[in-house]
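J.: Next up is a structure, given as structure tokens.
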Amino acid sequence: MLSTSQSRSFKNKFRAAFWPVHNYELGKFIPISALMFCILFNQNILRILKDSILISEISAEIAGFAKVYCVTPVAALFVIIYAKMINHLTFEKIFYYLSAFFISCFILFAFVIYPNIHIFHVHPDTLSDWMNKYPHFKWYISLVGNWGYIVYYSLAELWPNIFYVLLFWQFTNELTTTEEAKRFYTLFSLFGNSSLILVGFLMMNLSSEDTIIKKFVSISDSKITLVQVSTTIVAIVAIICCLLVRFISKYIFTNPLFYAKIKKSRSTTQRMGLIKSFKYIAKSKYLWLLLICSAAFGFAINLVEAVWKAKIKELYPTVNTYAEFNSLYILWTGVAIIVMTIIGNNVMRMHNWFVAAVISPVIIMVTGILFFVLIVFDQQILSLFDGAILMSPLALAVSIGGIQNILAKGTKYSIWDTSREMLYIPLDDELKTKGKAAVDVISAKIGKSSSGLVQSIIFTLVPNATFTSISPILMVVFTFVCFAWIYAVRKIYFEYQKIT
């Protein structure tokens with residue numbers, strides 16, 4: 001009897017640690033995991049393409065301007081439109097309409113605009129003359145003259161915040177109780193983020209000189225072929241996402257076993273108007289702290305990424321070589337996320353919310369400072385380790401920046417994302433939907449655009465400045481933002497305890 005009891009105890013502990021999903025819950029767990037996998041699959045293909053196109057075709061410096069003057073206004077407009085849509089359309093229809101809009105735009109760019117970019121854009125010589133004539137406004141001139149790249153970049157930048165952070169997690173939070181979230185969310189992250197590894201291998205092949213595409217079609221321009229094939233894959237996976245949303249809406253939302261408790265609470269909720277809704281959100285200290293946390297990540301990581309991506313372009317100057325390196329980085333990011341998800345799953349169950357949530361800002365701050373120190377004091381460090389470092393200063397900077405970003409994204413997309421989503425579960429429907437839309441879409445873009453604003457002001461005032469030359473300033477700002485993030489995490493933990 002004792003042996004049987006001990007065996008059951010061990011089995012229960014093993015299951016709780018590695019597979020805390022009951023068999024009857026698989027009908028909910030598997031479709032949601034598949035949806036997350038597909039959304040992140042597309043997200044990372046678009047991430048590789050948008051950076052490879054914008055930075056290789058124009059420059060790394062232009063990205064900050066695009067985030068401030070293009071991405072942020074579009075994100076703000078989307079939140080207003082979304083708040084209107086949610087009062088008149090079902091979630092399912094909203095997902096379909098937004099998917100159709102984004103995929104149509106990506107297809108238009110890949111098959112019409114990009115192959116004929118010389119028709120749609122200002123001639124490079126004319127653009128160069130204007131930029132030389134007005135050096136303080138050269139980046140703004142470049143924004144307008146290269147509008148096709150900017151629009152594509154802006155839409156690809158919005159994809160993660162709209163389809164993953166907002167729509168997917170809103171959908172999932174609606175279906176999941178707090179008790180289920182503690183067991184499911186890290187596993188969602190584990191399965192969903194495994195898509196990064198697949199995307200990494202796929203895009204490395206598509207962007208390489210020996211791509212498998214050559215076996216099926218003749219390639220006249222490798223970068224255009226890369227974008228067109230990748231966009232076709234994105235469109236197919238987007239259709240699969242729509243089918244999964246349809247399946248979940250039809251078979252899970254209507255199943256009392258999966259949705260009865262939440263459905264009952266929803267029936268008593270009244271919708272507020274747009275103006276009243278935003279006034280309600282503005283009064284929430286809880287959401288303001290959430291906004292600071294999300295904005296801080298976007299701000300901090302964008303400062304490091306901007307310098308790192310400028311170094312990548314120096315080492316890999318073409319669209320395809322940049323994309324190939326980016327694919328390798330995405331692959332290892334996927335590996336890091338899976339490892340940290342397993343660690344985070346146990347941290348979240350064994351410790352309180354604060355311990356799990358503070359891991360991300362601490363790791364990002366420490367690794368980010370190390371990267372900036374290498375950039376700012378590169379010559380001193382190389383002379384100190386003369387002969388011991390078997391690579392060029394440029395290759396070393398790209399490698400260290402890659403490690404920093406892999407660790408930062410690994411902790412963010414595994415531990416921090418799941419910790420943040422738990423904060424929405426105790427909230428009422430209005431804050432879960434419109435509040436989440438405002439925080440998740442706007443805050444991330446405020447963070448990135450604020451970072452971009454700092455960069456754009458410097459590059460406007462000092463036209464000849466480069467990311468390397470302004471790195472000391474960026475390092476100081478980066479450190480301050482990370483400390484603010486840690487402070488906000490501590491404050492919101494106290495608020496979270498009050499309502500759970």
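Just so it is clear, glycine is given a Cβ too, placed from its N, Cα and C backbone atoms.
Okay, these came from Swiss-Prot:
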- 26-46: transmembrane segment (TRANSMEM)
- 62-82: transmembrane segment (TRANSMEM)
- 94-114: transmembrane segment (TRANSMEM)
- 149-169: transmembrane segment (TRANSMEM)
- 184-204: transmembrane segment (TRANSMEM)
- 224-244: transmembrane segment (TRANSMEM)
- 287-307: transmembrane segment (TRANSMEM)
- 328-348: transmembrane segment (TRANSMEM)
- 357-377: transmembrane segment (TRANSMEM)
- 381-401: transmembrane segment (TRANSMEM)
- 469-489: transmembrane segment (TRANSMEM)
J.: Take a look at 94-114, 224-244, 287-307 and tell me which one has the most Cβ pairs under 8 Å to the transmembrane segment (26-46).
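T.: The listed stretch sharing the most Cβ pairs with the transmembrane segment (26-46) is 224-244.
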J.: Between the stretches 94-114, 149-169, 357-377, which wins on the count of C-beta pairs under 8 angstroms to the transmembrane segment (62-82)?
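T.: The stretch I would name here is 149-169.
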J.: Who are the chain neighbours of the transmembrane segment (328-348) in space, where the CB to CB distance is under 8 Å and they lie at least 6 residues beyond its ends?
T.: 17, 44, 47-48, 182, 186-187, 189-190, 193-201, 203-204, 355-356, 359, 402, 405-407, 409-411, 413-415, 418-419
J.: Decide whether the stretches the transmembrane segment (224-244) and the transmembrane segment (357-377) have at least 3 CB pairs under 8 angstroms, with pairs required to be 6 or more apart in sequence.
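T.: With fewer than 3 qualifying Cβ pairs, these stretches do not touch.
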J.: Is it true that the transmembrane segment (287-307) and the transmembrane segment (469-489) have 3 or more CB pairs under 8 Å, sequence gap of 6 or more?
T.: yes
J.: Are there residues at least six beyond either end of the transmembrane segment (94-114) with Cβ under 8 Å to its Cβ atoms? List them, or say none.
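T.: Non-local partners: 46, 53, 82, 85-86, 120, 148, 151-152, 155-156, 159, 162-163, 167, 224, 227-228, 230-232, 234-235, 238, 241-242, 245.
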